[in-house]
Amino acid sequence: MDEEEIEKAVLAYLKKKGFKQTELALQEEQQLRNKNSSPSTDPEIAKHILALSDAENVPAQYQEGYSKLRLWAHKSLDLYKHELLHVLYPVFIHCFMDLVAKGHIQEARAFFNSFREDHEMMHLRDLQKLEGVLSPSHLEEMEFAHSLRQSKVSIKICQYSYDLLIQYLHKTQSITMLGIINEHINFQVSPGQPSSISDDAEVFTLVGSDHDAANLVNQKEIHWGLFEDSLGERLETAGGRTMDSDKADGEVKDGELEENKKRSVDGGKGSSTQKKLKKDKVVAATGKASRSESSIATGAPRVKPELTLPIIPAEVEHSILEDLRNRVQLSSMTLPSISFYTFINTHNGLNCASISHGGSLVAGGFSDSSLKVWDTAKLGQQTGNSSLQGENELAPNDNILNANAKGRSYTLFRGHSGPVYSATFSPFGDFLLSSSSDSTIRLWSTKLNSNLVCYKGHNYPVWDVQFSPLGHYFASASHDRTARIWSMDRIQPLRIMAGHLSDVDCVQWHANCNYVATGSSDKTVRLWDIQSGECVRIFIGHRSMILSLAMSPDGRYMASGDEDGKIMMWDLASGRCVSPLVGHSSCVWSLSFSCEGSLLASGSADSTVKIWDVTRSSKVSKSEEHKNGNTNRLRSLKTLPTKSTPVYALQFSRRNLLFAAGALTKIA
């Protein structure tokens with residue numbers, strides 16, 4: 001091969017690899033050489049580059065290079081092995097996609113099948129998607145594959161593990177593997193010892209994992225506190241005013257108690273009065289304890305609302321304050337009472353369920369485009385138990401909602417032209433929102449039992465819709481990769497939040513109504529500022545699509561549940577994961593915090609409700625994590641299994657009673 005052919009091959013190689021600056025520099029050097037007749041380029045260097053160019057077209061290079069890297073990683077010292085093994089998965093999928101892109105389809109399939117078992121435990125869903133890539137055009141058409149090739153994977157690794165990897169690649173001259181790692185992996189090298197194996201869940205994510213961009217976004221300031229002059233604060237103030245009178249009353253009652261003791265010794269007629277006074281004293285002590293517990297939320301900073309908030313009617317405000325006064329204080333020692341509503345005869349047609357804040361109404365959205373609402377006060381008035389199939393197989397305190405009863409026990413709402421995927425009651429129960437595959441959102445009146453408004457704006461199915469904590473405003477999530485903010489009195493959205501790389505599957509309001517969180521199939525959760533419409537936090541750590549979100553009552557923490565059954569607790573201020581909660585074996589469809597924020601309830605497709613100790617989970621420091629591992633951060637207080645009812649919805653009432661709902665499946 002003469003010198004001219006070698007130079008052409010070198011230029012072709014540089015152009016193919018995208019080394020534009022090097023290509024331009026070589027062309028300029030050729031031009032100068034032609035003018036000055038300078039000595040030619042060293043042919044040995046050119047031949048070496050040409051050999052590399054030829055070698056990259058050989059599929060065996062990928063098979064051999066990956067096999068050697070895999071063997072080396074598994075034979076590494078145990079201290080560094082788990083970090084080095086993290087490199088294998090991104091290298092594996094990019095080797096496969098490179099082979100497909102070069103047209104070596106059969107070799108790509110053979111490579112994929114040879115090593116897929118190594119990664120099925122952690123990345124089964126990703127592998128199932130990539131299994132459908134059968135031609136170079138699929139890499140562009142498939143959104144998941146296209147995102148992988150366009151973005152870099154960020155991997156946390158210690159300095160010594162990084163040095164070992166680079167040394168191995170240079171020593172073995174694994175140019176193909178080095179090229180893939182250089183092009184598709186961004187190492188976050190940290191000094192000191194390797195991270196613990198228990199922290200593997202937070203090591204890397206694949207899609208949307210531009211950590212530099214996420215870290216930049218997460219530096220923005222957010223105000224996670226509660227409203228000034230909120231109802232809880234008013235109750236606290238009112239409680240403070242009555243403290244002195246309670247104390248005075250207590251002293252008077254103590255005096256009366258002593259007198260009654262004397263009377264009971266003399267005549268025995270004061271025993272009933274004595275019992276009553278003891279009971280009053282216990283009630284007063286309980287009231288004081290509840291006020292001290294409720295002051296936990298008052299420790300949150302106070303913020304001003306950015307939205308024009310609706311005026312709460314006086315009778316509604318009075319009812320809410322009454323609920324707050326009678327709230328049961330929950331803790332790890334005091335777990336909630338649970339009322340479970342079971343849908344029967346749904347014939348796999350139930351897509352979603354929703355429970356009003358007081359538990360008086362239960363709604364179900366169905367595949368036949370219908371929305372059905374049950375008044376729980378009327379459930380016990382039904383006659384003819386022959387239609388309540390399966391009742392004798394359930395717990396006796398279950399509430400049965402028959403979706404196909406002959407004598408209709410529910411109110412039927414019709415208006416959607418496609419399956420109903422989400423439903424949500426307003427905070428006061430007078431309105432109901434539903435979203436559907438027909439890309440619309442409908443507002444219903446539970447008092448008039450009629451449709452009031454049809455909101456159109458999304459272009460594709462709307463997966464979720466949620467009222468704000470004070471009503472009037474609501475948020476929606478759609479297949480069109482956007483979330484939108486609406487108000488009841490406007491038919492067009494007020495804000496459009498765009499930034500997710502895939503479907504927005506769920507949405508949740510912050511306690512102060514200034515922020516909205518969205519969970520997506522791109523495996524990230526984002527927090528949006530309502531006023532500006534900007535993304536102010538990006539939470540990265542899940543390995544599958546996010547299906548449920550919940551905000552703590554004080555607004556400081558957020559919980560997110562995914563398709564694999566994993567729950568992650570996030571600190572909104574820092575954007576970091578405080579604690580992963582592992583226990584469910586299938587999709588987490590619903591999450592709900594207790595009213596004082598000490599407990600978190602999760603409902604799953606594995607037919608269980610789990611109660612988690614949030615107080616302990618959120619107070620573990622980073623130093624304790626490294627000493628003890630993550631096991632101390634995880635505390636499931638109780639698991640409540642149903643016989644065969646996946647849990648669709650959870651809702652803590654204002655009095656801290658936990659409501660749950662799900663559809664009975666056939667028991668084998």
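Every residue, even glycine, has its Cβ placed from backbone N, Cα and C.
Quick look at what TrEMBL annotates:
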type     : residues : note
DOMAIN   : 57-185   : domain 'TFIID subunit TAF5 NTD2'
REGION   : 238-298  : region 'Disordered'
COMPBIAS : 243-266  : compositional bias 'Basic and acidic residues'
REPEAT   : 413-445  : repeat 'WD'
REPEAT   : 455-496  : repeat 'WD'
REPEAT   : 497-538  : repeat 'WD'
REPEAT   : 539-580  : repeat 'WD'
REPEAT   : 581-622  : repeat 'WD'
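For the domain 'TFIID subunit TAF5 NTD2' (57-185), the model's pLDDT averages out at 87.
With a cut-off of 8 Å between Cβ atoms, the residues of this chain six or more beyond the repeat 'WD' (413-445) that come close are 316, 351-358, 360-361, 363-373, 451-456, 458-467, 469-471, 474, 476, 478, 486, 488. If you look at the repeat 'WD' (497-538), the same-chain residues 6 or more away from its ends with a CB under 8 A from one of its CBs are 143, 147, 205-208, 213-214, 217-218, 220, 222-227, 303, 305-307, 309, 463-470, 473, 475-479, 481-485, 544-555, 558, 560, 562, 570, 572, 575. Note on the repeat 'WD' (539-580): DSSP counts are 0 helix, 25 strand, 17 coil. Broken down by DSSP into helix, strand and coil, the domain 'TFIID subunit TAF5 NTD2' (57-185) contains 100 helix, 7 strand, 22 coil.
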